[in-house]
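What follows is a set of notes on a single structure, which appears directly below.
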Amino acid sequence: MQRTCVLIVLIVTSTMWTPDPDVYAQPRGFNYDEAQVPKYTLPDPLVMVDGTKVTSAKQWNDKRRDEVQQLFEAYMYGKVPDGETELIFTDAKGERALGGAAIRKQVKISFGEKEDAPAMDLLIYLPADAKVRVPVFLGLNFHGNHTIHKDKEIWLTESWVRTNKKFGITKNKANELSRGVAAGRWQIEKAIAKGYGVATIYCGDIDPDFNFPSNGIQAYYYKKDQTIPEKGQWGTIAAWAFGLSCAMDYFETDTDIDHKKVAVLGHSRLGKTSLWAGAIDTRFALTISNCSGCGGAALSRRRFGETVRRINTSFPHWFCSRFHQYNDKEDKLPIDQHMLIALCAPRPVLINSATEDKWADPHGEFLAAQGADAVYRMLGTGGLDAKKWPEPNKLVKSTIGYHLRPGKHDVTARDWDVYIEFADHHMTGGAE
């Protein structure tokens, strides 16, 4: 889908994530034993569908890369509809925030001029006294922009939000009780101190995370009389990734942001999203996946932890409908997740896992990173500089990076230390 952009400037003066129970509980009845992983053969990312071997960077760039992307679009994530979208940026003037350490911007991005056009709110924090354009970490959040910090000026989302009594969220509506509940997962001050900006969008602004085909951005692009996505059309993860690319469109208009140095990141289902966004939108300089598991960085053929059948049963809207035909038939897939990582090549990618997060198969995430190595090396990078699964807390800083954090399915301050160290090494040379 082609996008054109219109910027509207308004001068404004100012007078979470919910842990998914079936992720945290490591559900019974699934394999968590490495000895029980079935034998499998991964598709070779350097062999075309017709059997032709890819032996040069030119072949990869001219033919195989597009072929792999089309396979993922056709059989897994779905394809964004053809056509053009005119994005409307309503830009709130930046204001001092976080005790003067940051500039806060809030931008409403509308997907067209029609009154019923959907819109998403982009929240941005930038170092207040930056002398040059700022590199940025961009990611989606689970429960609204207001949950990532206690900053009282962050807009409350008007979109549907999953009810969560622990966070004070009732009747699927955001309120003040949930302000800052996910702040631990968004180390804003840490990133600002290191010279980075942080930007986020509530995923539900783009497409609410439940199986109802007539809501969200997808329905806005239906053809006349269409009520559900067609067989190979985008699922929710692809819609979320589209939203991230639209945020990048905005960054290209903002002279405070270095749009050549944007890292796209995400956790869990939003880590699946960041990988897909980084794979298909080459404007992202760096891609970070945090505990993304099945449908993200973990190899489907291992059937370790969450499986294709389980994810399609629990979340039938995340992927295109064709992906469902591979329930219990992972070996018949023409793709696996090492090929998704390979689509990011030669740009750096970081796979961040957690030792206790067996549902997301941290070892399978590492093996997928290994499986992408040959593509990266063909394109002239160092690939993955690890022959075996690294010990916890050891950051592998090669172009394909890997880190295994002790602990559970989460995003922690330690994870942000790793993100920043990896970005310093590959994207900025040290942003400070």
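Cβ coordinates are placed from backbone N, Cα and C, and glycine is handled just like the others.
Here is what Swiss-Prot records for this protein:
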SIGNAL    1-25  signal peptide
MOTIF     266-271  motif 'GXSYXG catalytic site motif'
ACT_SITE  SER268  active site, nucleophile
BINDING   LYS272, TRP359  substrate binding site
ACT_SITE  HIS409  active site, charge relay system
Within the predicted model, mean pLDDT of the motif 'GXSYXG catalytic site motif' (266-271): 99
Secondary structure content, the motif 'GXSYXG catalytic site motif' (266-271) (per DSSP, counts of residues): 3 helix, 2 strand, 1 coil
Three-state secondary structure, which DSSP defines for HIS409 (active site, charge relay system): coil
Secondary structure at LYS272 (substrate binding site), reduced by DSSP to three states: helix
Around the Cβ of TRP359 (substrate binding site), the count of other Cβ atoms that are within 10 Å: 26
Nearest-integer angstrom distance between the alpha carbons (Cα) of the residue listed as 'active site, charge relay system' and TRP359 (substrate binding site): 9
Inter-residue C-alpha distance, the residue listed as 'active site, nucleophile' and TRP359 (substrate binding site) (nearest angstrom): 11
